[in-house]
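Below is one structure, written out as structure tokens, with a few remarks after it.
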Amino acid sequence: MRQVIVAGNWKMNASKETVNTLIMGILSGMADVDSNVIVCAPSPYMSQVEALITHSQLHLGAQDLNENASGAFTGEVSADMIKDFGAQYVIVGHSERRSLYGETDEIVASKVQVALDNGLTPLFCIGETLEQREAGSMEAVVSRQIQAVIDRVGIGAFKNIIIAYEPVWAIGTGVTASPQQAQDAHAFIRSMLTQNDASVAQTTPILYGGSMNPGNAAELIGCEDIDGGLIGGASLKAEDFLQICKAG
Ligand code: 13P
């Protein structure tokens with residue numbers, strides 16, 4: 001049985017005040033949450049979140065990492081820095097990183113490797129654009145994205161990887177994939193893992209991301225191959241985020 005995982009990706013949205021309100025709000029409702037809950041904060045707020053979530057069930061993640069250990073990489077954040085603030089998770093290969101910052105499959109694979117080498121669990125994001133879906137190439141796109149990581153770290157490493165399927169056309173648009181569309185994609189992803197290693201495929205969590213909200217979360221997470229959600233907009237409101245956490 002795979003545990004439900006709900007991760008909030010705050011993206012570039014935070015202030016000291018909103019972080020305080022949001023985390024206190026989430027913590028106040030965690031008593032009846034069974035899911036594994038992660039919040040992925042912008043780097044300047046990781047220390048604040050670390051302090052607020054001590055001795056709670058909440059886990060901390062970062063939104064990206066650099067593939068180098070240290071050095072002259074202005075503006076970048078290393079795996080060691082992320083761990084220094086008690087984070088156990090890091091988002092890697094988000095479509096915004098791929099499309100806005102030119103991250104290739106090879107760069108994403110390097111980042112997954114560095115995260116794993118440092119004991120961080122990557123939330124490895126994949127997904128097709130609207131154009132690619134309409135051209136019928138969803139399966140080809142997600143296969144290519146996953147294969148690049150398998151080639152780099154091996155299928156066995158997926159024991160320590162969380163996959164997030166985030167169709168680009170559903171991110172921040174209010175257009176959610178239907179449960180059937182999402183389940184079909186997740187089943188395809190799991191079948192690809194199965195071809196490589198059946199037991200790893202059974203344990204690897206595959207989260208859905210893209211306009212998940214309190215109104216659609218239960219139906220999506222209820223699908224056989226959907227093991228939770230990676231939440232953007234709805235993770236910024238404690239009440240909405242908690243409702244999604246409880247949907248699992
Ligand atoms: P939204 O939930 O705002 O669509 O964002 C999804 C996402 O990109 C999470 O990483």
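Counting starts with 1 at the first residue shown.
Backbone N, Cα and C atoms are what each Cβ position is placed from, and that goes for glycine too.
Small disclaimer: the values here were computed from a predicted structure and weren't measured.
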Candidate sharing the substrate site with ASN9, TRP10, LYS11, SER211, GLY232, GLY233 (per TrEMBL), from GLY25, GLY29, GLY172, GLY248:
GLY172
Per DSSP, three-state class assigned to GLY233 (substrate binding site)
helix
For ASN9 (substrate binding site), just give me the three-state DSSP call.
strand
Enumerate in sequence order the binding-site residues ASN9, TRP10, LYS11, GLY172, SER211 whose Cβ-atom distance to ligand 1 is under 6 angstroms.
ASN9, GLY172, SER211
